Amino acid sequence: AQIFPHKAPWSCVAYAVTLMIYLCFLLTGDGNPKESSPFINSTDPEKNQQYDGKNMALFEEEMDTIPMVSSLLSSLANYSNLPQGSKEHEEAENNEGSRKKPVQAPRMGTLMGVYLPCLQNILGVILFLRMTWMVGIGGVIEAFIIVLMCCSTTMLTAISMSAIATNGVVPAGGSYYMISRSLGPEFGGAVGICFYLGTTFAGAMYILGCIEILLVYIVPQAAVFKMEGLEGAEAEAAMLNNMRVYGTLVLSFMAIVVFVGVNYVNKLALLFLACVICSILAVYAGVIKTAFEPPIFPVCVLGNRTLVWKGFDVCAKVIERENATVTTQLWRLFCDSEFLNATCDSYFVNNNITEIQGIPGVMSGILRENLFGNYMDKGSFIEKVGLPATVEPDSIPTNTNRYVLADITSFFTMLVGIYFPSVTGIMAGSNRSGDLQDAQKSIPIGTILAITTTSIIYMSSVILFGSCIEGTVLRDKFGEAVRGNLVIGTLAWPSPWVIVIGSFFSTCGAGLQSLTGAPRLLQAIARDGIVPFLRVFGHGKANGEPTWALLLTACICESGILIASLDNVAPILSMFFLMCYMFVNLACAVQTLLRTPNWRPRFKFYHWTLSFLGMSLCLSLMFICSWYYAIVAMGIASCIYKYIEFRGAEKEWGDGIRGLSLSAARFALMRLEEGPPHTKNWRPQILVLVSMDSELNVEQPRLLSLTNQLKAGKGLTIVGTALEGTYLENHPQGQQAEQSLKKLMEAEKVKGFCQVVISSNMRDATSHLVQAGGLGGLQHNTVLACWPRNWKHAEDHQSWRNFIELVRETTAASKALLVPKNISAFPSNGERFTEGHIDVWWIVHDGGMLMLLPFLLRQHKVWRKCKMRIFTVAQMDDNSIQMKKDLTTFLYHLRIDAAVEVVEMVIDISAYTYEKTLMMEQRSQILKQINLTKTEREREEQLIHDKSTNPPTPATPQSPSADAETPSTAIQMTWTEAKCDGEQAKPIGATTPEAIKDLFNMKPNQSNLRRMHTALRLNEVIVKKSQEAKLVLLNMPGPPKNRSGEENYMEFMEVLTEGLNRVLLVRGGGREVITIYS
């Protein structure tokens, strides 16, 4: 009432109750689970972020794993574009170091964020220092073709890049991020490192251009190694040494600037761009001015050779002064004195001096003379076309330092390599995508506009330079004929110094930008963790500046500076940039052709044919520029690719290569469905059935070792296991078993797949594996399973029953079956047999499996030194000699090296065989009628085993009836000993002494008798011939069709393989697997 004095008392009570209920609701919530992240199955630790979901009770049990749409949209709208370690400026961490400071919203639009940076990176040193020379050497037509080809390549690449950049949010990282997320970590890492090397060498090129401008055009007297008076190689060496000294100093200064504060570099970027734009405008203004008033830049020509305008003031041999003929300074350069009767150079004496206009102007018609190329060898004279010259035969040129000479041998492909770096830099916009207001809109528009603008500038420059400048001046790389002026500067208005100063600052700025961007690109690659040895370069200063990456970049850049020649460095970085652009086009083409559901670019003006054309142009330009540089660059990329593939971290980025693999796999599977493989293409596609212990570890690890040794056929391998239970309750155990299988497969180096099946019983689970393994035409054709251990001791005899059912199922499915017996004795992958034999006992024809398996085993290092022997069995009416001859011929046609032996078997049934068979049948009947205790059962089995391992050797043949009492006596002894132990038998049903007496008087089944005879006789000859063999391969007979005698089948197999250490029982799949035909 004090709080609400104007209310009635009952009204105050109502307000108080309402307030209490509201506070309780705020404190307790509605009890529903809440989401913490806008994405499904998020692991965000901040689980305390809740929403009110009481109106969605139908979905309340799933709120922990799937988000509400309203929450999802809210989180996506507030998404901050944080790159993966490659932003230009890393945000400093707060004091706790646990969370980043909030990043300011991007502010740059298309003009400032994409267009102008691309313009600054594309227009650079080549335009100012080499463009005029390229036009003079190649001619207007060929230079225009080079420019058109290179600009077309970058335009097609920009179209592909725009499609990739607009297919979702692209954090900063530029081409590396786009390629790695489109083509996978292997391609991304390889091309990313190539792009990094290209950017680093670009920094070296810009620094060398900066030093060239400084030492040739601004302060030539600053040279440490003086070039005056030097000729030929000495002058060239002095120039290169000057470039190395000053280049190293400038690189060190720039690296310090970048290390101290990259912010200063970014603030000066606009100044550097203004220098570039002013220089280009000055050139165009100068071109317009030449139409009315061409600048005065005379060129002095002796005969048809262009002279270096240095050391003289008048282009003449003599002049008239005060009615007298006086020699000029030029005379003194070629003669030994200033007098008219001096001894002069013969070429100087025989040829006239001509002064021509270096810049005749755009209306002069000089374009016709400059249309075609004029390639030159190193050291040749730059000559004026159309002027007469007299050269004495066999004369040796003298005073060559007075003439303008070609400093390198020129040809078309070299011009392409030198020019291409001038069109690079198209990635500047995508590199800044993290700072753009709308990257998906700005990147395509800004990049394509920048390329269009620069292409127009380059193409118009080719035509205008050829229309305004004399050919001899164009071919003069360093402007020696025009008093040492920069050639493009002679065309500029109002002064050549506008171009000189502008180009100097633009090259300095471009070098700083390269030294700023390259370390961050390397840092992005290192932080992705795909190249293990680069991880150290992911670290930096507290604010994220890549210190170690900057140091490596400076060292690589120094290697480029030590080359010291702009013309030699340019083709190197051309290779790396072209490879990067090639894979950008490939990424777009692959994504377009695969039509993956996530490929939905906002930029619609692309097509896979354009991407393939761009990729073809890039590849062609690589080999046009320099085939050996191209091979080296591709070799570097291939090595990095394979290194990442084998040693790099596994990354799943939803890349196109994974989609390409899926498409290729689908295509291949559809092709495999067209029909069964030909015998020549048959190889064992193995399904390995393993069992797990209580700890979900594989019980028979040597089974995978044998699988690895059998994989010389390079076929499919599926390792499967069965778990008992229901899928819903045992799903975690299934995942644990799968991880255990993968770990063992990796340890045993078995390449394949693993599969875990959970079913209500083991028999059904194994059947499901046999039936459903593989996919389409890529299914297993061979099953590898262990012989059941201790099958006699099983309480419910289920293990051997499951095994017999597996044999029947593989036969019904027409699949081969391999059963190693005593698998623990088989060698591991680390063992080596230095000698020994692999014995094959070929009893029945199984399609050639017995021949093929030893061949595959001997391809492995474990069995490589073992020799192969083949034994076959002859019946009484067979010709053993002819069989051996035929088998030898057959093996010769199969191209298999093996020794051959034919073994003859006796057909009479011995008394021991009769006794063994009768004992087996009586034991089976007794186990069915009497429930023996565990101790009794083990004792009886041991007695039967001892009896079988120590067979009687009667001196005279005994009749079956004479030996019939032996098994009954043995069994009676068993019972007597059991009773003496004080253990009481537990009769079931009507087990009477009369029934036992009838059991002891029974006679063996004739079918079982014959089978036992075969097993005993075969075992006898196998042990005799192959007891010392490293491995015995043997035909595995099938189980009986009558299920009542299944336990006898296991006894037959035991008898057949008794006394052998390693046995591999082989059962064919019902088709030929080996052929003699090519």
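Just so you know, glycine gets a Cβ as well, placed from its N, Cα and C.
Annotated transmembrane segment per TrEMBL: 12-29 (among others), in sequence order.
The annotation region 'Disordered' is assigned in TrEMBL to 81-103 (among others).
Positions annotated as compositional bias 'Basic and acidic residues' by TrEMBL: 86-99 (among others).
Summarising the annotation, TrEMBL assigns transmembrane segment to 108-129 (among others). Counting residues 6+ beyond its ends, the transmembrane segment (108-129) has Cβ neighbours under 8 Å at 205-206, 209-210, 212-213, 269-270, 272-273, 276-277, 279-280, 418-419, 421-426, 428-429, 432, 435-438, 441-443, 445-447, 449-451, 453-454, 457-458, 461, 486, 488, 499, 502-503, 506-507, 509-510, 513, 566, 570 in the same chain.
Taken from TrEMBL, the feature domain 'Amino acid permease/ SLC12A' covers 114-288 (among others).
Sequence annotations record features per position, and here TrEMBL assigns transmembrane segment to 141-170 (among others). Tertiary proximity for the transmembrane segment (141-170) is limited to same-chain residues at least six positions away from its ends with a CB under 8 Å from its CB atoms, namely 79, 81, 134-135, 177-178, 182, 371-373, 412, 415-416, 419-420, 422-424, 426-427, 430, 433, 439-440, 443-444, 447-448, 451-452, 454-455, 458-459, 462-463, 466, 578, 581, 584-585, 587-589, 591-592, 598-603, 605-606, 610-611, 613-614, 617-618, 621.
Annotation comment: TrEMBL describes 190-219 (among others) as transmembrane segment.
The transmembrane segment annotation in TrEMBL covers 245-262 (among others). Under 8 Å from some Cβ of the transmembrane segment (245-262) lie the Cβ atoms of residues 88-89, 203-204, 207-208, 210-211, 214-215, 224-225, 508, 511-512, 515-516, 519, 545, 547, 550, 554, 557-558, 561, 564, all in the same chain and six or more residues away from its ends.
Residues or ranges marked as transmembrane segment by TrEMBL: 268-287 (among others).
Per TrEMBL, the feature transmembrane segment maps to 403-423 (among others).
The domain 'Amino acid permease/ SLC12A' annotation in TrEMBL covers 405-687 (among others).
Among the features that TrEMBL reports, transmembrane segment is placed at 443-465 (among others).
If you look up TrEMBL, you'll see 572-594 (among others) marked as transmembrane segment.
Counting only same-chain residues 6+ beyond the ends of the transmembrane segment (606-630), those with a CB under 8 A from a CB of the stretch are 149-150, 152-153, 156-157, 159-160, 162-163, 413-414, 416-417, 420, 571-572, 574-575, 578-579, 581-582, 585-586, 588-589, 592-593. The transmembrane segment feature in TrEMBL is assigned to 606-630 (among others).
Taken from TrEMBL, the feature domain 'SLC12A transporter C-terminal' covers 701-810 (among others). Summed and averaged per residue, pLDDT over the domain 'SLC12A transporter C-terminal' (701-810) gives 84.
Annotation source TrEMBL lists domain 'SLC12A transporter C-terminal' at 831-1078 (among others).
Remote same-chain partners of the transmembrane segment (403-423), defined as residues 6 or more beyond its termini with a Cβ less than 8 Å from a stretch Cβ, comprise 122-127, 130-131, 134, 137-138, 142-143, 146-147, 149-151, 153-154, 202, 205, 236, 302, 305-308, 373, 375-382, 451, 454-455, 458, 472, 475-478, 480-481, 567, 570-571, 573-574, 577-578, 621, 624-626, 629.
Against the transmembrane segment (268-287), stretch 443-465 shows more Cβ pairs under 8 Å than any other of 190-219, 443-465, 572-594. Across the domain 'SLC12A transporter C-terminal' (701-810), DSSP classifies residues as 59 helix, 21 strand, 30 coil.
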